[in-house]
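Chemist: Structure incoming, see below.
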Amino acid sequence: MVTKSNARTHFSISLRSAAMALSRLRHPLNLSRSLRLLSSTYSSSSRSLPRTSNSGIFSVGGDGNLRPASVSRLTGLSANSLKSRWVDVRYFSSADIPHEVLGMPALSPTMTQGNIAKWRKKEGDKIEVGDILCEIETDKATLEFESLEEGFLAKILVPEGSKDVPVGQPIAITVEDQNDIQNVPASVGGETGIEETKRTGQDVTEEETKPESTSTKINASELPPHILLEMPALSPTMNQGNIVKWRKKEGDKIEVGDILCEIETDKATLEFETLEEGYLAKILVPEGSKDVAVGQAIAITVEDANDIEAVKSSVSSSSTTQQEKATQRETKSEVKAQKSNATRISPAAKLLITEYGLDASTLNSSGPHGTLLKGDVLSAIKSGKLSPRPASKEKAPSSSQSHQQVAASQVSKSDLKQADSYEDFPNSQIRKVIAKRLLESKQNTPHLYLSADVILDPLLSLRKDLKEQYDVKVSVNDIIIKVVAAALRNVPEANAYWNAEKGEVILSDSVDISIAVATEKGLMTPIIKNADHKTISAISSEIKELAAKARAGKLAPHEFQGGTFSISNLGMFPVDKFCAIINPPQACILAVGRGNKVVEPVIGSDGIEKPAIVNKLNLTLSADHRVFDGKVGGAFISALQSNFSDIRRLLL
């Protein structure tokens, strides 16, 4: 039992402070001996410590030995509420610059990855204990990551805005001395002190678990003077892109402003211009590459044409080495797969093995506890690598049994054909972003739906008069844009959006209408800016030009970014009405259906109500309920109906 007086002789200190204290002891610490770091993960229900990342807590006894502090001695935590796991730590040699590698912390029990929302400190900044280094978005909330040590932030390894950063991945490097900032390693590899957890019960080597890089690793020390070109961020929301076409070839002379390649972003296909003159020495990411991360190296340029061959040979040799390592890993995995035999066989797999007369010992199992599944047998049948069952001495089956086996075999073969009767449809970068953002909109934006029918006859009459009297051809959609713009001008509260940071409604100064245009790569939304100040003919000519650019993938960023209100028109299809999804950060989108002829009571010139055939159009407004309440929504719908009924006043 430890008394209070004895407890005072033990004190908890950090790893760095422990090393300083131990240097004063009679028996110095042997630094060659590996230390054990306590990585603690605790549930959110228990009282949390000031530090939320993995914590290393040690104590020094009277004998001068360094030992882990007892878990139960942590203030406010019981031994049962804190679950611990041990991990190995690699330390630097005496020749390395003293520094610490900060890993992505586990800020919640269920967190496996996080997003770097914002860096509060910049490279070179002085940091104190408790300073906020960055804001990390977890699976629960956006939390602050505090510094546990004082020093200087030498290098940020994961930039602001990075998504899905795994827990434990290095995100920054700190040093004690400001003079060491310039000498820290540019990247973190196997010698930089990264914590690694030993996995038990798995026959997997460290070399096999390393992920393959999508780009060629480059040793800058072996190259002549050069510039490494990276995938640029061509839009605010872009985090990856596709290399559509290389305009320059390896060895070409390049000038400032030359187009190097065409890059498909999450919005459009844009041109990547060079900012330096020189020669394109090596293309690292070939034409047609998909999902290239922003910041990944895509090409190398040099100033002197004589350096081109040196760059090519150096990059080619490193690429060959990587391919050889990949081949070795594949060979090892194949040999390992051949050695694995199934310990259990599912009923469906047994039936297929019997029907095809296969040897179960030669099949690879993928189920839990070595269970051979139906999919494993089907995969072996499709690959054609089948081993027949050894000949049995049993009695030959009867004719009825053989007929049943033949019938079952035919059914299984037809099932295999049906399984192959599909085609993977690759998504463009634009479609991926649309899918992600619309899902976020539906989940995070409270949608309010308001629907109303309007009389379309005055609009059709105006359109006919413009064509006959002034030879001006405009579409129904062009006039609807003008009608909506005039309604937004009359009801400025509808021309607004929700500011999540401030938690308030922001009114927009201009009326900028986004028009949904279907293209082969996905839905684009070119913008008619200041639509309330433009004539119908000007809107018509501008929308034709923007729609043509959108379908050709030539929209400039300022032509599709922004917008205060969206219109989606499916009137050219047999769609009477529909509800559209809001396009963030906008607060409204108007869904326009097709016009239909209906019989309605109409008051004639003589004041008598008579049945008449009229054209009616359904409009459905999807609005952000944080911006729109019933009063604003009703006022906007009323303004729309008024503009449709007296359409000619839009010409004033």
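Even glycines carry a Cβ here, placed using N, Cα and C.
The structure displayed is predicted, hence computed values, not measured ones.
So TrEMBL lists the following for this protein:
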DOMAIN    99-175  domain 'Lipoyl-binding'
REGION    183-218  region 'Disordered'
COMPBIAS  195-211  compositional bias 'Basic and acidic residues'
DOMAIN    226-302  domain 'Lipoyl-binding'
REGION    312-341  region 'Disordered'
COMPBIAS  326-337  compositional bias 'Basic and acidic residues'
DOMAIN    344-381  domain 'Peripheral subunit-binding (PSBD)'
REGION    384-418  region 'Disordered'
COMPBIAS  398-413  compositional bias 'Low complexity'
Chemist: Would you list the DSSP helix, strand and coil counts for the residues of the domain 'Lipoyl-binding' (226-302)?
Modeler: 0 helix, 39 strand, 38 coil
Chemist: Check the domain 'Peripheral subunit-binding (PSBD)' (344-381) for me and report the mean pLDDT.
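Modeler: Computed over the domain 'Peripheral subunit-binding (PSBD)' (344-381), the mean pLDDT is 80 on the 0 to 100 scale.
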Chemist: Kindly report the helix/strand/coil residue split of the domain 'Lipoyl-binding' (99-175) according to DSSP, in that order.
Modeler: 0 helix, 39 strand, 38 coil
Chemist: Where DSSP helix means H, G or I and strand means E or B, what are the helix, strand and coil counts for the domain 'Peripheral subunit-binding (PSBD)' (344-381)?
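Modeler: Helix (H, G, I), strand (E, B), coil: 24 helix, 5 strand, 9 coil.
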